[in-house]
Amino acid sequence: MMGLGNGRRSMKSPPLVLAALVACIIVLGFNYWIASSRSVDLQTRIMELEGRVRRAAAERGAVELKKNEFQGELEKQREQLDKIQSSHNFQLESVNKLYQDEKAVLVNNITTGERLIRVLQDQLKTLQRNYGRLQQDVLQFQKNQTNLERKFSYDLSQCINQMKEVKEQCEERIEEVTKKGNEAVASRDLSENNDQRQQLQALSEPQPRLQAAGLPHTEVPQGKGNVLGNSKSQTPAPSSEVVLDSKRQVEKEETNEIQVVNEEPQRDRLPQEPGREQVVEDRPVGGRGFGGAGELGQTPQVQAALSVSQENPEMEGPERDQLVIPDGQEEEQEAAGEGRNQQKLRGEDDYNMDENEAESETDKQAALAGNDRNIDVFNVEDQKRDTINLLDQREKRNHTL
């Protein structure tokens with residue numbers, strides 16, 4: 001039974017085997033198809049790769065050619081670079097030499113410049129010191145100028161006061177002289193009247209004798225009348241002349257006293273020339289007719305003026321002692337003072353050479369004001385000259401620096 005069953009099964013198995021075989025054949029065919037398709041693809045790829053290799057070889061040959069060309073060019077460029085580098089090195093060496101030379105020159109210039117700077121610094125310090133001294137001198141000069149201006153104003157006020165006093169004294173003397181002249185005229189009139197009376201008495205005594213001799217009586221009184229008329233007509237004339245002479249004399253004395261008062265401060269300030277003093281002393285003082293009396297009357301007033309002028313320097317001594325002037329400025333101020341004194345003396349000589357006419361107070365004050373202005377102008381000019389000289393010196397020093 002068992003055998004029969006297995007036989008049956010073996011009778012049924014071939015179709016399955018066939019199916020399996022067909023399936024295997026199909027699978028194998030599919031695999032073959034796949035493999036053949038892959039091989040075709042691979043062949044195509046191989047062909048492509050071969051083409052690429054050929055192309056790469058061709059390109060490689062071209063690249064090698066280009067490489068050779070580039071190497072030649074590189075060698076040429078290297079040679080050029082070597083040449084350029086050698087020329088550059090030569091230029092650098094030359095530039096370095098020039099730089100070193102210039103550096104040495106600049107170092108020398110710097111050293112000389114430093115020396116000059118030190119010298120200029122020393123000069124600047126000295127100039128600053130000199131400038132400070134000059135400023136001190138300028139301040140001292142200004143102080144001295146202010147002191148001199150104060151002193152000059154004080155002298156002017158004293159001169160004006162002295163002139164007023166002298167004028168008052170002159171007016172008093174004019175009044176005294178006029179009174180004396182009137183008294184002298186009156187005394188002369190009295191003496192002449194007494195003389196005439198004595199003559200009339202002397203003539204009246206021999207009158208009877210003349211009548212006895214038969215001389216006319218009317219002639220004598222006519223002569224007496226003429227004499228009296230002449231004496232009366234002549235008596236007023238001397239009085240007017242005396243008054244005029246006295247006025248002229250007083251005016252001359254006033255002018256001479258003013259000259260003496262003006263000369264005294266100048267003598268105190270600067271010594272005059274000996275010839276100038278002799279001219280002042282030799283000038284005539286008296287007037288007409290009353291020369292001796294004029295000189296005698298003038299001496300006490302001149303002495304009073306001299307005493308006042310001598311007292312004034314004693315009062316002004318401390319102020320003068322306070323004025324401290326350097327040596328250079330003393331010489332400049334002495335030169336300026338000598339020029340001013342010469343101009344003043346010339347003005348006084350011109351004033352004395354003119355006719356001795358009476359001047360009013362306004363004229364005198366105007367003359368004094370003119371002198372003050374002239375002196376102020378001289379002071380301003382001196383200051384301008386000093387400043388100009390200082391500026392010129394500074395400019396010269398700046399140019400030298």
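The backbone N, Cα and C atoms fix where each Cβ goes, and this holds for glycine too.
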From the candidates Ser94, Ser153, Ser309, the one which Swiss-Prot records as phosphoserine: Ser309
Nearest of the recorded positions (Asn109, Ser187, Asn398) to Asn144 (N-linked glycosylation site) - Cα to Cα: Asn398
Alpha-carbon spacing, Asn398 (N-linked glycosylation site) to Asn109 (N-linked glycosylation site), which is rounded to whole Å: 22
CB contacts for Ser187 (phosphoserine) [other CB atoms within 10 A, all chains]: 10
Among Asn109, Asn144, Asn398, the most crowded of the glycosylation sites [Cβ within 10 Å]: Asn144
